[in-house]
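Structure, as structure tokens:
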Amino acid sequence: MAAKHVCHLIWFRHDLRVTDNKALSSACADPDAKVIALFTATPKQWQQHDMAERQISFIHQNLAELQNSLAELGIPLVCQTVANFADAAQWVLDYAKTQQADALFFNRQYEWNEKQRDEWLINQPHGLHIHAFDDYLLLPPGSVTTQKGEMYQVYTPFRRAFLTQLTVTDCRSLRAPEKRAAPINIDRASPLFPHQPIEDSQQFPAGEKSALTRLRQFCSLKVGDYQNDRDIPSIDGTSQLSPYLAVGGAIPSPMLQPITSREPPSVRSP
């Protein structure tokens with residue numbers, strides 16, 4: 001009888017990228033593990049949260065780019081549409097059973113409903129090894145406190161403590177994982193999720209490669225004049241990275257070094 005390969009599930013949520021992704025990197029650390037990517041769309045809950053159709057469409061576009069990037073790594077992406085976050089967590093657990101998965105990896109989300117979803121999942125008797133990571137923010141929420149361990153009430157000392165802690169934080173970029181050694185035979189992934197396509201210009205091309213291109217352009221052409229140009233609508237003086245940050249196609253930490261290396265005073269002066 002052939003030995004059973006360890007099965008790792010990586011649950012993508014607000015992190016639609018293969019580089020700088022702690023959960024994905026950890027899920028792929030074992031070169032012999034079978035790795036399957038999951039994404040759960042929750043259109044009804046998105047509507048309850050007043051998410052714009054344009055953002056939903058941008059999520060869909062970035063998800064398609066992610067699916068292609070994962071395919072190049074030998075990792076299939078399985079998508080499922082459910083009503084809400086609670087149903088999403090239940091579907092993930094049910095899918096884990098069908099695959100006899102050993103571990104589930106994901107990057108934490110900090111909003112109320114998302115935290116409730118993850119806490120519920122972690123507390124279920126599923127037998128999975130859960131690996132959750134602080135991936136999206138420069139520092140984990142609640143990690144910058146006074147000497148008494150309390151939250152700051154005044155901005156200036158908080159800023160000083162934040163910048164001090166940031167100087168000793170490893171913000172180096174994570175490469176995309178290596179291609180998996182063996183392909184995975186599972187049913188072909190279902191369509192990403194139903195949505196209303198929006199006719200849009202190519203002002204914001206989807207994908208983490210587009211986000212990286214914008215970052216490089218901002219660092220080389222705009223960052224030096226950003227403080228003066230950012231509030232002038234007639235000048236193209238901002239990074240235009242916000243849409244990518246909003247869907248997790250990019251995260252702040254790898255942006256820190258290239259930006260501060262060109263315009264350091266605002267960050268190096270606590």
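Numbering starts at 1 and runs along the chain as displayed.
A Cβ is built for glycine as well, from the same backbone N, Cα and C atoms used for every other residue.
Over in TrEMBL, the protein carries these features:
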BINDING   TYR226, THR238, SER239, GLN240, LEU241, SER242  FAD binding site
DOMAIN    6-138  domain 'Photolyase/cryptochrome alpha/beta'
Recorded FAD binding residues, TYR226, THR238, SER239, GLN240, LEU241, SER242 - maximal Cα separation rounded to whole Å: 15
Summary of DSSP states over the domain 'Photolyase/cryptochrome alpha/beta' (6-138), given as helix, strand and coil counts: 57 helix, 29 strand, 47 coil
Local Cβ density at TYR226 (FAD binding site) - other Cβ atoms counted within 10 Å: 16
Remaining residues near the recorded FAD site, that is with C-beta within 8 Å of the centroid of the site residues TYR226, THR238, SER239, GLN240, LEU241, SER242: ARG214, PHE218, LYS222
